[in-house]
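Chemist: The feature L-glutamine binding site is assigned by TrEMBL to GLY47, GLU48, SER49, ARG106, ILE134, ARG135. According to TrEMBL, the active site, nucleophile annotation covers CYS79. Under the heading active site, charge relay system, TrEMBL lists HIS171, GLU173.
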Amino acid sequence: MKIGILALQGAFAEHAQMLRTLGADTFEIRQNSDLNQPVDGLVIPGGESTVQLKLLNDLDLLVPMRRMITDGMPVFGTCAGLILLSKKVDGQAYGGISTMNIQTCRNAYGRQLGSFYAESVMEGVGEKVPMPFIRAPYIQTLLSDECQTLATVEGRIVAAREGNQLVTAFHPELTNDTRVHRFFLNIVSSADSR
Ligand code: GLN
């Protein structure tokens, strides 16, 4: 199983390390030609969504990645990655990758308050999932019946799935708990073979 990790900015190395621990092959996506190799799933890491979005546009990665995901390629977005996958951000249509029917609040808790730690149940993953939040967004509204809430913290949606798309507002790659990544790899292995 081969996972391509967007590696323009942010916490991409931690995802690679965790996925390799689970036996997946990984490679970094830094330019358009990196998308020419066979790939079974994508990761969009946390970091700064505005910076990643500018680079995705400048490097001609935005449209091809959007098309891959629309065509069914499994994707896992964390934090800024969740923002980039949202169709709406802060109440407005968003020109990111924008493949997932969710409406997201950026920096939802205020700049400082958005960093905290929680443990909660995540459907399909288990109990007491460690959840570090760093200037975190949250999902305000699911925009389609295809979207499913997987976890909430203090009444806010912090993990969701729509088909082969998985997002978390927190950073499982910054913990020692591999269950969320294992859950994503299960989505990848059960996706239709292309
Ligand atoms: N608030 C950041 C953004 O808007 C996301 C923070 C993160 O990825 N840890 O991109």
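Glycine too: its Cβ is placed from the backbone N, Cα and C atoms.
Curation does not apply to TrEMBL; its annotations are automatic.
For the listed features, I'd like the structural context: burial, neighbours, distances.
Modeler: In sequence order, GLN9, GLY10, ALA80 are the residues of the chain that are 6 or more apart from GLU48 (L-glutamine binding site) and have a CB within less than 8 Å of its CB.
Remark: CYS79 (active site, nucleophile) has PRO45, GLY46, GLY47, PHE133, ILE134, ALA136, PRO137, THR168, ALA169, PHE170, HIS171 as non-local neighbours, by Cβ distance under 8 Å and separation of at least 6 in sequence.
DSSP assigns HIS171 (active site, charge relay system) to coil in the three-state reduction, outside any helix or strand.
For GLU173 (active site, charge relay system), the same-chain residues 6+ apart in sequence whose C-beta sits under 8 angstroms from its C-beta are ALA11, GLU14, HIS15, GLN17, MET18, PRO45, GLY46, THR78, HIS181.
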Chemist: When you average the Cβ positions of GLY47, GLU48, SER49, ARG106, ILE134, ARG135 for the L-glutamine site, which other residues in that chain have a Cβ within 8 Å of that mean position?
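Modeler: Leaving out the recorded residues gives GLY10, GLY46, CYS79, ALA80, ILE83, ASN107, ALA136, PRO137.
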Chemist: From the recorded positions listed here (ARG106, ARG135, GLU173), select those whose CB sits under 6 A from an atom of ligand 1.
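Modeler: What lies within reach of ligand 1, judged by Cβ under 6 Å, is ARG106, ARG135.
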Chemist: Count the Cβ atoms, other than its own, that fall within 10 Å of the Cβ of HIS171 (active site, charge relay system), considering every protein chain shown.
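Modeler: Around the Cβ of HIS171 (active site, charge relay system), 23 other Cβ atoms lie within 10 Å.
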Chemist: Restricting to the chain of ARG106 (L-glutamine binding site) and a gap of 6 or more, list residues whose Cβ falls under 8 Å of its Cβ, or answer none.
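Modeler: Those within reach of ARG106 (L-glutamine binding site), by Cβ under 8 Å and sequence separation of 6 or more, are SER49, ILE83, VAL89, ASP90, PRO137.
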